[in-house]
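Student: So Swiss-Prot lists these for the protein:
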- Q88, G106, E107, G108, K109, T110, D501: ATP binding site (BINDING)
- C856, C858, C867, H868: Zn(2+) binding site (BINDING)
Amino acid sequence: MLSIAKRVFWPYSSRAKGASVHKIVKSINALEGEMAALSSEALFGKTGEFRKMLSEGTVTLDDLLVPAFAVVREASRRVLDMRHFDVQLIGGIALHRGMIAEMKTGEGKTLVATLAAYLNALESKGVHVVTVNDYLAERDSEWMGKLYSALGISVGCITSSSSDEARKAAYNCDILYSTNNELGFDYLRDNMKFSRENMVQRGYNYAIVDEVDSILIDESRTPLIISGPVERDSSLYGKVDALVRDLEQEDYDIDEKSKTAFLTEDGALKVEQLLISHQLIPEGSSLYSAENIIMMHYVGQALRAHKLYFADKDYIVKNGSVVIIDEFTGRMMDGRRYSDGLHQALEAKEGVRINNENQTLASTTFQNYFRMYKRLSGMTGTAETEADEFLGTYNLQVMQIPTNVPVQRVDLDDDIYCTEEEKYEAVIDFIIECHKRKQPTLVGTISIEKSELLSKLLTMRGIKHSVLNARYHEKEAYIIAQAGKPGAVTIATNMAGRGTDIKLGGNPEMLARNELAGITDEEERAKRINKIIEQAKHDKEIVMQAGGLCIIGTERHESRRIDNQLRGRSGRQGDPGLSKFFLSLEDGLLRIFGSDKVRGMLKRLGMKRGEAIQHKWINRAIERAQKKVEARNYDIRKSLLRFDDVINEQRKVIFAQRNQILDRETYDLVPFYSNLNCDIVSRIIKEKYCDLGHRETAEELSAEVTRIYGIELDIGALSALETREEVIAYLDKVADDLLKKKADGFVHKDENLWDFAARRVLITSLDHLWTDHLAALDSLKCGINLRSVGQKDPLNEFKIEAFYLLEKMLSRFYEMVIQKLAHIELEVQQQPDDGMINLNNSTSQLFGGIARNDRCPCGSGKKFKHCHGMIKV
């Protein structure tokens, strides 16, 4: 019912919004003359006026939208020599309203972001502009930073190489440019820090996400994980890999849709015998017995590595390491590793060094990270196909922004061939036709392997070309700069689909940067620049007459958005262009997800070799296959989100508790200890207290108190207590007195030492147990779907079990903290002249992880080496 209502009413609501938007644009345009008449000092001083009005509460951001946008437009004209078009103003309004602005390639999304970023920066609460890679973050912050700086708005940029000091300074700027990965990992790292002073982020006010579909949808299935090595025998991966290589096709079944692999009955018996013969499991035992269950894990991952993950498609081997390739962008994902032992299995398969498995220390998802922002917006060229998901997951509506100039690109029907070989022959012939008429061609492939196959075929035909894939990513900017030159042929994976504009005739700025490297003579530089600009203009005319940039797709992607992104490289800003896809029945999408009816019909037609079919019915069938995959992937993302929402609620509780502990100014630990003691005493009484007057009961109580607190009780005095309440009061007093005595001993040496040590104990204990808890939740999540066999809802079961595990973890946390604090001892060294205090071994972990030049977490303001860093552990 809801989906029907959306289809009926959504167009109406869009038109209504459009009408109000055009009125706002008209108001902004009405101020253009007034702003143009202002002096630079008066124009750039508007920021101070706006901020004063906001601080006085006389206006809201919505009230300032029209004058603020007018100021940005005029400032941009003066500083950047770029004036916002009316359609760009509409995009800025959509962003400010917390919507997704769908804008075609080349429509100036980078400039659009300045409107909403400036307006929201006036509150001084922080605006985050999120991009997909470091290059774009640096480029946009430097480029648009000139505009912001002129308006008195501070701008920061964070990349993977930024230091903690630089990160903190950047987060404190009015506007921050960074990548989704850096923001997400900073959030996790902040919640692993040992002092608030070392945290870098300051809140989640407003974010503009560029390429929003890539970040919030494509990457949402991949969690952000900070991990540490775990002790496990990695050599088994190599031993099992050698055995799996001997398996034949009848020994296993694979499901390419879900990327899972299973041993058949015969295959399991074969693997069992191989494991026994290689002394990896005991003779006479079963592969499926409890003691060998871990071996099933190794075998399963080795099978997946060999049969479902392929070099130059899913990953590449670079400098002796297995590096994952992003399926959506075609870029290398340095630092990312497959989880659950799959990466180790791939390393064994490729014969490179097998690294240890990792344990999750902290994790989150982009879905839950970006939902922390009070207001969220985004930009992309392709969002409408995922509008339902944006609305359902992020409460983001999509506004389609019209192009400034009508799109001139011609999208031809797909050609479908029987075999891959015939398809590539047709692709090469089509490229040669374009090349002859000087029409530049961008050929999109889905993998490195396919891009290099095409490159080989073109070389055999004597066609000069460039290849852009994860192997040659360093040359990306230069290759793209030349991709629009007359007759240029560029073969690319999905890397060419994001954040880059292919200008007809070539990009003179980028070409000049490469040609002028090393030339210092200003006169010579000016002469070369003019020559490059004139050549680019001449080349553009040639390309325009040839029909503009031609896009050739060699395979349909699982997502229609990726295909649309490839097409969107052509026809920018009203330029002419052409796009065409060449497909075969052997392509992955048609083979795995296409209907048998389509394949059967094409085969019955008796197509001759080299003959292609073009029909709208076939195009619709392919679109149905893509929709089927998109719906399946959406279901996977929804399921992952529902489970992660459960974990996220616990994550928020633990992180909030952690931040409270770190807050020395407002969080008093004394009541906290007292409450912990009460909880522990209550638990001891519940478990050990049986009957009054029994010496056995008193001895059991005493033994438990000794285990936790390290002190022995007077059995006689304890036995003499007559009521349960008296026992509780007695034990409470003993516990409180012990901790008070410990605290007094520390404070006597240094008034801040006990507080520092106690908070350190709390944090390290919480972090340790949270890590174990995440591992337990991962294990629970892996098998929870089996509960559906018993007619139980896996999600509800997960919620119940996860809550039980959290209660268990907190109970262990309370006991661990009290036990550690109760056993801390201070020992003064025999040589007091060096001013050091020695703590016993039980507390040596308290001071790990703090650099000597960091501020001391005790809050003194001194460097750690001059404060508690003098404590010798």
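Keep in mind that glycine also has a Cβ here, set from the backbone N, Cα and C atoms.
What you see is a predicted model, and the numbers here were worked out from it, not measured in a lab.
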Student: Which Cβ among the binding-site residues (E107, D501) has the fewest C-beta neighbours inside 10 Å?
Tutor: D501
Student: Please identify, from the binding-site residues Q88, T110, the residue with the sparsest Cβ neighbourhood, meaning fewest other Cβ atoms within 10 angstroms.
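Tutor: Output over binding-site residues Q88, T110: least Cβ neighbours within 10 Å is T110.
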Student: Look up K109 (ATP binding site) in the DSSP assignment and reduce it to helix, strand or coil.
Tutor: helix
Student: In the same chain, outside Q88, G106, E107, G108, K109, T110, D501, whose C-beta lies within 8 angstroms of the Cβ mean position for the ATP site?
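Tutor: Residues close to the ATP site, other than Q88, G106, E107, G108, K109, T110, D501: M103, T105, L111, V112.
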Student: Per the record, ATP is bound by Q88, G106, E107, G108, K109, T110, D501: how many Å separate the farthest pair of Cα atoms?
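Tutor: Of all Cα pairs among the recorded ATP binders, the widest measures 17 Å.
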Student: Fewest other Cβ atoms within 10 Å: which of the binding-site residues G106, G108 wins that one? Let me know.
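Tutor: Among the binding-site residues G106, G108, the sparsest Cβ neighbourhood within 10 Å belongs to G108.
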Student: How many other Cβ atoms sit within 10 Å of the Cβ of K109 (ATP binding site)?
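Tutor: The Cβ of K109 (ATP binding site) has 24 Cβ neighbours within 10 Å.
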